[in-house]
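Asker: From TrEMBL, for reference:
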type	residues	note
DOMAIN	62-266	domain 'ABC transmembrane type-1'
DOMAIN	341-546	domain 'ABC transmembrane type-1'
TRANSMEM	21-45	transmembrane segment
TRANSMEM	65-88	transmembrane segment
TRANSMEM	100-118	transmembrane segment
TRANSMEM	150-169	transmembrane segment
TRANSMEM	206-228	transmembrane segment
TRANSMEM	248-267	transmembrane segment
TRANSMEM	293-319	transmembrane segment
TRANSMEM	345-367	transmembrane segment
TRANSMEM	379-399	transmembrane segment
TRANSMEM	419-442	transmembrane segment
TRANSMEM	474-492	transmembrane segment
TRANSMEM	528-547	transmembrane segment
Amino acid sequence: MSLNYNRLAVSRPSTPSALSAFSFALAVLVALPVLAVGANLFASGTGETWSHLMATVLPEYVMNSIWLCLGVGIGVAAMGTGAAWLVALNDFPGRRIAEWALLLPMAMPAYVLAYTYTDFLQFVGPVQTSLRESFGWSKGDYWFPDVRSLSGAIVLFSCVLYPYVYLLVRTAFLERAGGMIEAARALGLNPWQGFWRVSIPLARPAIAAGMALALMETLADYGTVAYFAVQTFTTGIYRAWFSLGDRIAAAQLAAALLGFVALLILLERVSRGRARYHDTTGRRRATRQVLTGWHALLAQVGCAIPVVIGFVLPAMLLLRLAMGDAGEEGGGFSGRFLLLARNSLSLALLAAMLAAMLALLLGFAARDGNRLTRLANRIVGLGYAVPGSVIAVGVLIPVTRLDHLLAALWQQMTGANPGLILTGGIAALVYAYLARFLAIALQTVEAGLTRITPSMEAAARSLGSRPGETLRRVHLPLMRGSLLTAALLVFVDVMKELPATLVMRPFNFDTLATQTFTLAADERLAEASSAALAIVAVGLLPIILLARQIAAGRSEISSC
């Protein structure tokens with residue numbers, strides 16, 4: 001007797017229409033700030049405003065932004081690619097430490113680095129003071145570069161943003177370059193020739209993607225360029241909204257900045273589309289070139305310089321300032337610091353928990369391949385590319401109009417004017433955070449959902465579980481790690497976020513980031529050091545996660 005087995009096709013569950021509608025509605029809310037900024041391009045009076053901007057400040061904003069992008073792009077590409085090549089394709093004493101230490105500058109916000117090095121390198125700082133005392137110089141006897149300049153901003157941005165390129169290029173070298181690099185060595189190419197002829201072409205898509213991320217962060221920055229008096233779109237948006245009270249001008253500048261970001265995304269996509277390389281020799285990793293003698297020393301120095309400049313030295317300077325300020329009244333970890341920490345932690349925790357929950361719902365809704373839910377997730381995924389200042393302006397425009405409408409209705413009903421309820425409130429600020437950082441949580445959750453097979457969902461359905469029950473009993477237990485990681489990443493980004501918080505915070509409400517900016521702008525860096533150190537300490541959390549992933553990957557390689 002023969003048995004015939006029919007193949008059982010496991011189909012994905014259909015997403016309930018309510019969940020699909022929720023996903024699309026959430027995507028609309030995330031896109032609303034961008035739509036509001038775009039709509040103001042056609043508001044009355046925009047022609048005159050745009051002509052005024054073109055004749056006055058816009059050319060300076062455009063040129064400074066272009067120079068920043070060019071300088072930072074070259075800087076992060078050179079530093080990130082060089083560091084990735086050293087640790088991925090070479091072996092030298094201290095390489096394993098360098099692999100994770102090169103990530104440390106990611107924990108240091110660019111604006112904190114700007115404040116620290118300004119204090120360290122200014123005329124009355126320790127460096128110039130030591131030079132004058134050692135050589136007997138006085139003011140005017142020597143030349144010293146001005147760190148508070150466009151070139152200074154380029155250097156500092158490069159020092160904290162190169163890890164974006166380093167991470168992606170290191171992965172490209174490890175996972176895709178093995179066979180070709182071995183073939184290049186067999187053909188007699190020396191390491192330098194192999195670097196330029198093989199490694200760089202293979203890593204071009206990764207370099208382009210890392211540069212795009214770094215340049216988006218550069219364009220979104222406000223604290224560094226404002227402190228260095230470098231006029232860019234973000235400083236113009238803040239000044240137009242708060243100093244001049246010109247909503248239309250702020251929206252126009254926000255739209256122009258959004259155009260810059262869209263151009264970056266387009267260039268990155270074009271670069272990746274035209275530069276696709278396939279390693280037909282397999283996924284075997286290349287044997288690392290063993291460096292000895294002065295070659296090993298140069299590799300150690302090359303890896304140490306960006307870590308020292310981007311993290312170790314500024315962290316030590318901040319710690320010295322914080323210890324000196326601890327003895328002052330109200331300094332150190334005083335009651336004021338605890339209040340700032342409470343404000344920052346409460347905002348970050350609220351935004352992180354909401355982002356993780358919403359990302360789980362979005363990811364679960366997209367499991368069936370519904371076009372509407374996939375479109376919604378793509379829209380949400382673009383939120384991180386929008387600078388915080390643009391998000392803030394885009395949120396304030398519709399929220400302010402809604403506030404005026406609600407106030408008018410309430411006054412008509414009761415005769416009392418309630419004032420503006422939503423504008424300048426915590427809810428609007430958290431909405432801005434979610435519009436920007438929900439994309440991070442969604443990407444993390446989607447990666448975690450790939451580990452849940454359709455057969456698991458089919459088994460739950462066969463046992464009579466409804467979609468909500470399946471989500472609670474199957475997905476939540478298996479997704480606990482991914483949800484915690486998503487919440488952690490959003491938590492850290494909210495703690496460091498400055499432009500959106502500055503624009504949208506409630507009256508007399510400060511966070512660690514805004515207090516650091518305010519005190520540093522008043523040349524009171526010692527008082528700002530404790531808050532800055534707390535931000536850096538929180539920024540170390542995702543670095544620890546990345547370091548653990550690097551160590552886990554190393555263990556997998558050694559076990560093969």
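Glycine is no exception: its Cβ is also placed from the backbone N, Cα and C atoms.
Because TrEMBL annotations are produced automatically, they should be read as predictions rather than curated entries.
Mind running through what each feature is packed against?
Answerer: Non-local neighbours of the transmembrane segment (100-118) in the same chain are 83, 87, 125, 147-148, 152-153, 156-157, 159-164, 166-167, 217, 221-224, 227-228, 303, 306-307, 310-312, 314-315, 317-318, 496, 498, 513, 516-517, 520, 525, 528, 532, 535-536, 539-540, 542-543, 546-547, 550-551; each lies 6+ residues outside the stretch with a CB under 8 Å from one of its CB atoms.
Only residues 6 or more beyond the boundaries of the transmembrane segment (150-169), in the same chain, are considered here, and those with a CB under 8 A from a CB of the stretch are 64, 67-68, 71-72, 75-77, 79-81, 83-85, 88, 102-103, 105-106, 108-110, 113-114, 117, 203, 206-207, 209-211, 213-214, 217-218, 221, 224-225, 228, 230, 306, 309-310, 546.
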Asker: Relative to the transmembrane segment (21-45), which of 65-88, 206-228, 345-367 accounts for the most Cβ pairs at distances under 8 Å?
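Answerer: By Cβ pairs under 8 Å, 345-367 leads among 65-88, 206-228, 345-367.
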Asker: Take the transmembrane segment (248-267) and find every residue of the same chain, 6 or more past its ends, with a Cβ under 8 Å from one of its Cβ atoms.
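Answerer: Same-chain contacts beyond the flanks: 34, 36-38, 40-41, 43, 45-46, 49-50, 52-53, 58, 61-62, 65, 69, 208, 212, 215-216, 219, 233-234, 236-237, 240-241, 385-387, 389-390, 393-394, 397.
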Asker: Under 8 angstroms, Cβ to Cβ: which one of 65-88, 345-367, 379-399, 419-442, 474-492 has the largest number of such pairs with the transmembrane segment (528-547)?
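Answerer: Most contacts with the transmembrane segment (528-547): 474-492.
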Asker: Counting only residues 6 or more past its boundaries, what in the same chain has a CB within less than 8 Å of a CB in the transmembrane segment (345-367)?
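Answerer: Answer is 12-13, 15, 19-20, 22-23, 26, 373-374, 376-377, 380, 426, 429-430, 433-434, 437-438, 440-442, 444-446, 448-449, 457, 467, 471, 475-476, 479, 483-484, 486-488, 490-492, 494-495, 511.
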Asker: Can you name the far-off residues of the same chain, 6+ from the ends of the transmembrane segment (293-319), with a Cβ under 8 Å from a Cβ of it?
Answerer: 79, 82-83, 86-87, 90, 92-95, 98, 101-102, 104-105, 107-108, 112-113, 116-117, 119-120, 159-160, 162, 529, 532-533, 536
